[in-house]
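Features of the protein shown, as given by TrEMBL:
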type	residues	note
COMPBIAS	51-64	compositional bias 'Low complexity'
COMPBIAS	119-131	compositional bias 'Polar residues'
COMPBIAS	141-154	compositional bias 'Polar residues'
DOMAIN	225-316	domain 'Clp1 N-terminal'
DOMAIN	330-516	domain 'Clp1 P-loop'
DOMAIN	522-632	domain 'Clp1 C-terminal'
Amino acid sequence: MTAQAGLGQAVLLRFPYSQVSSCSTWGFAHFLTSWLVVPASRRSWDPDGEPTPASRRPSPFPAAGERAHWGDNPQQPRLGNHWLLGGSPPRAGRNRHASYPPARRLRKQYGPPPLPPSASRSKQSFNYNSQKAERLRELNSSRPFSHNYISQGTSRDRGSSIAQVRNRFCFRRGTGRAWRVVGFRSGRELVVLPVWVRGLCRLSSYTEKMGEEASDDKKPTTKFELERETELRFEVEASQSVQLELLAGMAEIFGTELTRNKKFTFDAGAKVAVFTWHGCSLQLSGRTEVAYVSKDTPMLLYLNTHTALEQMRRQAEKEEERGPRVMVVGPTDVGKSTVCRLLLNYAVRLGRRPTYVELDVGQGSVSIPGTMGALYIERPADVEEGFSIQAPLVYHFGSTTPGTNIKLYNKITSRLADVFNQRCEVNRRASVSGCVINTCGWVKGSGYQALVHAASAFEVDVVVVLDQERLYNELKRDLPHFVRTVLLPKSGGVVERSKDFRRECRDERIREYFYGFRGCFYPHAFNVKFSDVKIYKVGAPTIPDSCLPLGMSQEDNQLKLVPVTPGRDMVHHLLSVSTAEGTEENLSETSVAGFIVVTSVDLEHQVFTVLSPAPRPLPKNFLLIMDIRFMDLK
């Protein structure tokens, strides 16, 4: 006869506790899974094919002298030597696939297995809130398997309260099912009862996850001892992450001071420079593309620039004037955004409240790419996330290059300058702190004229030119004499970014807007009727001058609002939700409330589905379409 156990049945196992006391629960579960998938033809309890006598069957109730007989059983699996428990593989022969009678037979002959006192309580004593809080603590733990030891019950051998109940929960995302292994230790033996064994089929993915965690513990670790005024530069490999920890001393990343003995995680593609003024000890965990210590750094020049700006702020406080307004310019990939972040962090650490103005439409550090905006800085930037974006002022541009509509670009620049001047009139602290303006890397032709226009609109006092002496001389020639133009070198850690890398950074920035930093949020998807919204595009397509009406120039078309009819070509396009109340307002000069992306268009029902960071309905019904597309592939 053959003893079979279905996947939906509970199976009672019993083995010496001394052999498994040091192993983990996932080892038990993996053993149970490997046993349950053994074919029925190989599950014979007796080698002769006969049912096992009652005297040799394992009892669910441990009895005196039974352990010795159980140890002599030729069918006992050598769990203590199993590789999952840290030993050698099991020996070959008939002990390879030992099986056990199903719980149905054991319950019929011996009754149900004993339960701990906590499981036999009445329903009236069940506290839902305490159980829910305990469950949340388990789910929030760093490991997939949380430990919960409850010391209850009485041991048969010792007569003391040492029986322990071990619970293991394992949930799969998107399902409400779980499996649990409950173990009762009585004397020197441990009885493991898997409840709802059907859930064991889902164990493989979590075993892989735990394997990944084990591999994370084996990540290469490197310690660096930095001397004074040196910096550690490293780049993270693709599909990798690196953890940085400050062990001793003081260090900073782009002006943000590091906390000692705290691990900071940097994702794939990150390029980081850790600078120390007095020396420090750092530790890197993970695979980096490159990591080295450099003594050639322009940080001293950047600090001198900050000191000069702080002196101008103090003078403005005494004379009740406005503080310095700084514009950072230079070609692409020279570290303009890094210098802006550095100057802002140093100013905030001294109690200032500067304003960060973002004119680089291809990067979108204040909002998403294709926009221009300003942000009031109240605290230093986070090492991992950057500046806290609570209430930014954002305007729609619609493209990642200013050359697509240079007149709209200059108009939004003037609008930002007007709003900043209005804020300085009502906020003395913001006026004294001034602003730091980040510009795009287009420094020739119309791009150079846009830089001059921005300097004139914001009435800048200082222009910082990075790593291009030609641009420095041109600006010094064309700007007024009272504007101080400074030439600074770029950092040696700045690397040139490819077009593909820039595209990936833009997609990641848009994804972060909808899903939060590292996917901590979940956006909303809902349908919007064609009749509920009005979609426009800023700028009409270019046409030959011979086709233009008399007296109209080509530039006037760049600011024209063109209605857009919803269609299938609108899929994956980003839409800006304007704060305008009506068409009588200039939509191109009105700030936006947020962004949505079109995921599908249903022409039959006259609706389109959008991905939104907030639930329905939309705050306004005026939408501005972008040339930028976003496909949610992750």
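Heads up, the Cβ atoms here are built off N, Cα and C, so glycines get one too.
TrEMBL: automatically predicted annotations, no manual curation.
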What average pLDDT is reported by the model for the domain 'Clp1 P-loop' (330-516)?
94
List the helix, strand and coil residue totals of the domain 'Clp1 N-terminal' (225-316) as derived from DSSP.
18 helix, 45 strand, 29 coil
Residue distribution over DSSP helix, strand and coil in the domain 'Clp1 C-terminal' (522-632):
18 helix, 46 strand, 47 coil
